[in-house]
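To keep things clear, I will list the structure first and then write my remarks on it.
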Amino acid sequence: MASHLPPKPTPQHSTATAGGMAEAGHARPGGLMRWLLTTNHKEIGSLYLIFSLTMFFIGGIFALVVRAELFQPGLQLVQPEFFNQMTTMHGLIMVFGAIMPAFVGLANWMVPLQIGAPDMALPRLNNFSFWLLPVAFTLLLSTLLMPGGGPNFGWTFYAPLSTTYAPPSTTFFILSLHIAGISSILGAINIIATILNLRAPGMRMMDMPLFVWTWLITAFLLIAVMPVLAGVITMMLMDINFGTSFFNAAGGGDPVLFQHLFWFFGHPEVYIMILPAFGIVSAIIPTFSRKRLFGYASMVYATAAIAILSFLVWAHHMFVVGLPLVAELFFMYTTMLIAVPTGVKVFNWVATMFRGSISFEPPMLFALAFVVQFTVGGFSGLMLAISPADFQYHDTYFVVAHFHYVLVPGALFAILAGAYYWLPKWTGHYPHLRLSQWHFWLSVIGVNLTFFPMHFSGLAGMPRRIPDYALQFADFNVASSLGAFLFGVSQLLFVLVIIKCVRGGEKAPAKAWEGAEDLEWSVPSPAPLHTFETPPDFHPHRQH
Amino acid sequence: MASHDEQTTGREGVRRTVTRTLVVLAGMFAFAFALVPLYDVFCEVTGLNGKTSNSAQMLVHEEVDTSRMVTVQFITRASAGLPWELDVQTRQVRVHPGQSNEVSFTFRNRGDDASEARAVPSVSPSEASVHLRKLSCFCFQEQRLEGGERLEAPLVFQLTRDLPADIKTVTLVYTLYPVQPAQAAVSPRRPIKEGDSA
C-alpha cells in the first residue's frame, strides 16, 4: 500500500508489559502501521466502530436510492435491475457491515473494561478479525462494478435466484460473505475466551454486567450458526461452479432446502443483532434511573431462553412455501413463545424505571426510544407469527416495517445509545448536549415517518422489493421517502457530535454518569491505552 | 495479570476455550452438510416436499375403493431455454383409490438439434406423495430427442387406498429441465418487465 513504511516493528502484545505507564515503554509504530498492527482492544474497538459507521452511511445511501425511486409510482431514477442490487446491497451491508461490526466494536472496547481484563484474550486474532472486514466489504462493493452487476437477489439470496439466475459476480459475493463470516467467528471465539477466562478475581458469572452476558450468549449463537451460513454459501458455490445440485430441482436438489438452511442460520442471526442491544439498554436504563437493574437473573435467563428458542422458529419465514399443517402450527407456537422472555425483558426495563430518579441525557433518550419502538416491532412480529395471517402479510411492506422497527429504532438506537453512553469514557469529553438532542429527535421522527406508513402500505398489499407500485400506495410512499431522507441527513449530526466530542467539549470525570456502577467507570476518562494490568478489586454491588 | 501462576492458568483456560469452540465450529459446519441427506431422508419418509419415488414401484394389490373418487390433475411445464414441449393426453382424470391408471404424455423437440431433458415431478398436496405409486414413468430417466422428434411416453400410477379421506384432488406437476446445463443453459439474467415501455 504505502511505500514509506517504517522498518517492521515487532507487534507488541499489549498485555506483555507490566506497570501502569505502559504506553511510554512501547516502541509503537506510528501512522498507518499503528492501526494496521495494533493489538490493543481499545484501538481495535475504535476501528470496528469507525468501519461500521462508514458502512452505515454506504448502506444508507443505497437505501436512499431505493426510497428516491419509490417516491413516486413508475420508474424515474434507476432501472429495476439496479434497484434490485440496491435493495440487496442495502440489506447485506447493514446486516453484515454496519450492525454486526458495531456490536463487535462495542464488545472490544467495553467487555475487557467491564470485566476488569487487561485486553482481549487473543489480541492478534482480534487484529486479524478486524482487518478481514475491509477486505470482505471492498470485495462485496466491487461486485457493483462488475459486468452483470452485483447481487440482485435480496439479502436472503434464495436459490435458484442466487444460483441458476444469478449474475456472474455471485462467486465474489460468496467469497466476501465467507471472509466476513470468518471475521465474525474469530471475533466470537475471542469474546468467549475473554469472558470465560479473564474476569477480575471475584467476579462470578452472575456478577457480570448484562452487556457482557448478552455478548457471551451472542458469541455462542455466532459459533453455532456462522458455520451453517458458510455451509450454505459453499453449497451455492458448488452449484454455480462445480455442477452440483444441492438446490437445483433438475438435478434432484430442492430449492426449499436452501430456505431451511438459510433460515436455520438467519433466525439466530437476527437475535445476534438484537441481544447485545438488550445488554446496552440494560446498562443505560439503571444508570439514568439511579436504581439497580430490576430482575438481573431473569434478564440473564430470558436472554438464554431467547437464544435457545431462536433455533426452533426458523420456518416462520417460510409459512407460504408449502409447509404441512403440523409444521405451520409448530413454528407458529414456538415463535409466539419468544414473546414471553422478550416480555420479561421489557417488563424489567420498565420496572427498573419505576419510582427511579430518571434524567434524560442523550443515552437515556435513545434507550427509552429503544424500549418503546422495539416493542412496536415485537408486536408486528407477533402478528407475522400468526401463520394464517402471514399468508396475507408475507413479502409485503408489513414485513419491511416489522424488521426495520426491530433493527433501526431497535438495534441501531441501542448502538447509538451505547455510543453516547460510552463516548465520555472513550474521548474524555461529554457529547455536545444540544446537538445530541437534535440528533435524537430528528432520528425518532425520521424513523417513524419512514417505517410507520409501511405497516399500512403492506397491509394494503404493496409487495417488497418492487421498484414500481400501484397508484393507491403513492401517499404512504411519499411519507416513507421523506422520512428516510430526514433520517439519513440527521445521521450526519451524529458524525458532527463524534468529531466535536473527540476534539473537545466538557471534560468527563472517571465516573461520567452519576448512577453508573460498572467497572469501566473506575478507570480514568478517557480510558488510557492500557487498563487493568493489575486486576481490580471487584466487589459485587448487586445483591440478588 | 498479577502473578505468573494466574497468567498461566488464564492462558490454559483460553487455550481450552478456543479448542472447544473450534470443535463446535467444525461440528456445525459438518452439520450444515449433514442436513442435506437428513432433509432428503426426512422428506422421503414423510413425503413433505412433494417428491415421488425416482424408480418404479410395485403395484399394491388391494381391492379398489369404489366408494370414493379422487381427481388427479396433470400440469406440465417446459423449461426456459429448452425448445421442448411436454403435453399430456388429458388434464385431469377421476380415479378410485387402489385402481391402476395410465396416462400418456407427449414430448416434442421443437429445436433443430438433438437435446436431452428430464421431467421432474412434484406432487401437491405433499401428504399425497407417499400414497402415489408410480409403476412406470418417463420421469425415471432422461429423454433424448433428435431435432423435431416426437415421443409418446406413458405414466402408470396407483393411488393407494390409505390416501387420507380429506384429499379430494391430487396435482402432479412435471417440469422439464435441460440435462446438460452447458448445452441448453438457462439464460443467466431474467427478462425484465419494464412497465408500459415493454
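Note that Cβ sites are derived from N, Cα and C of the backbone, with glycine treated the same way.
Since this is a predicted model, take the numbers as computed values, not measurements.
Annotation source TrEMBL lists region 'Disordered' at A:1-23. The compositional bias 'Pro residues' annotation in TrEMBL covers A:1-10. Marked as domain 'Cytochrome oxidase subunit I profile' by TrEMBL: A:35-539. Look at TrEMBL and you will find A:47-68, A:88-109, A:130-150, A:170-198, A:210-238, A:270-288, A:300-323, A:329-351, A:363-386, A:398-423, A:435-456, A:476-499 tagged as transmembrane segment.
For the transmembrane segment (A:435-456), the partner stretch with the most Cβ pairs below 8 Å, chosen from A:47-68, A:88-109, A:329-351, A:398-423, A:476-499, is A:476-499. With pairs at least 6 apart in sequence, the transmembrane segment (A:476-499) and the transmembrane segment (A:47-68) have 3 or more Cβ pairs within the 8 Å limit; the two touch. The stretches the transmembrane segment (A:170-198) and the transmembrane segment (A:270-288) do not meet in space: the count of Cβ pairs below 8 angstroms, excluding pairs fewer than 6 apart in sequence, stays at fewer than three.
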